[in-house]
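These notes concern the structure reproduced below.
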Amino acid sequence: MGGRRLKLRNKTAVLIETLISLGAQVRWAACNIYSTQNQIAAALAEAGISIFAWRNQTEEDFWWCIDRTLHSDNWQPNIILDDGGDATHRMLSEFPTASKYLKGVIEQCVTGVHRLYQLSKLEKLLAPAMNVYDSVMKSKFDSYYCCRESIVDALKRATDSMLGGKQVLVCGYGDVGKGVSNALKAVGCIVSVTEIDPICAMQACMNGHKVVRINDVIQSVDIIITCTGNKNVVTKAHMDKAKSGCVVCNMGHSNNEIDLKTLKSSKGIKFEMVRNNVEHAIWPDGKRLIVLADGQLVNMTFTNIPSLVISISACTQILAAVELYVAPSGRYKKDVYLLPKKMDEYTAALHLPIFQAKLTELSEEQTKYLGLNKQGPFKPNYYRY
């Protein structure tokens, strides 16, 4: 079983150890250059696990670590657990001959899922792929519930500022954007949302948020948060119009949602590090924007992910990996699949005892009436939770 790029934290170490206990040989690299805990990476390396990660990597370091994870003279991955599609992309472009050993790819983030579907459309997928991002448990807990709690914590830790009364622009109203917007509204922020999807825009309206275009509000907002998974959502032109003191940060996956590359290469604009992972971008007229985590995930940089969220995410990924690894030949083609509903429900059932929750059981008569199996699955794949 192959390695995976995840946030190298103590909870991730448990995931690695779980995979090993199931018989996997693991090689691992981190997906966020700011979030690795060096002591955890060192402890895993001392235990003989191939770990390629350290905190505050450069972009060059990041790709070197992925290459080292994927390539070894006496080892080939047969499962890739990916976060953003970078390892999958690297395997396709740099190590195409190794793809014949692959039994599957598991992807847990929206950007990586988009890449998988693009590869599938072009018939370039290396192996069957499991989209666990859109499994109900993963998307709700990692994308919505976790982001709903972590955004406030991250902003407080990074800026030490009051949030009540702040004008906030949230770019994107998917699960992440919903969690971020609802949390900030709850602490007294005035939240506006940008959206390309009319259904998500309607949901934002019904939750009391104003749906706007970025150019119409950029001059008045105090905080800009990207939550889209797309690139160049906030451009240099937007930041040129933003008011001094505006906080700019990212909660989506990619570090290119905010076009800091163009901003940093612009003549006359200087960057000043004011505290760890907090910079001032300074314009010639003295205007300053507060840039957090260099455009990387702000919650991953300034806070820890709760054990419950990691446990749920890890559970879906391990079940997907086992499913792809043991599946008989021909069950899965080189296409993208959702995690089977039964596994989604099983993940939820495993975690219910944490809340001392007890499920109601259907009677035989009720089971027949609904046309269900008593052990589930209890909802069809098209059901919207």
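Cβ atoms here come from the backbone N, Cα and C positions, even for glycine.
As annotated by TrEMBL, NAD(+) binding site applies to GLY174, ASP175, VAL176, GLY177, LYS178, GLY179, GLU195, ASN299. Annotation for LYS178 (NAD(+) binding site): same-chain Cβ neighbours under 8 Å, separated by at least 6 residues, are TYR144, ARG148, GLN203, ASN207.
Summarising the annotation, TrEMBL assigns domain 'S-adenosyl-L-homocysteine hydrolase NAD binding' to 143-305. For the domain 'S-adenosyl-L-homocysteine hydrolase NAD binding' (143-305), the model's pLDDT averages out at 95.
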Requested in this report: Can you check which residues sit near GLY179 (NAD(+) binding site), meaning Cβ under 8 Å from its Cβ, same chain, 6 or more apart in sequence, and list them in order?
Outcome: SER143, TYR144, TYR145, CYS146, CYS147, ARG148, GLU149, ILE151
Query raised in the report: Counting other Cβ atoms within 10 Å of each Cβ, which of the binding-site residues GLY174, GLY177 scores lowest?
Result: GLY174
Query raised in the report: With every protein chain in view, how many other Cβ atoms are within 10 Å of the Cβ of ASN299 (NAD(+) binding site)?
Result: 25
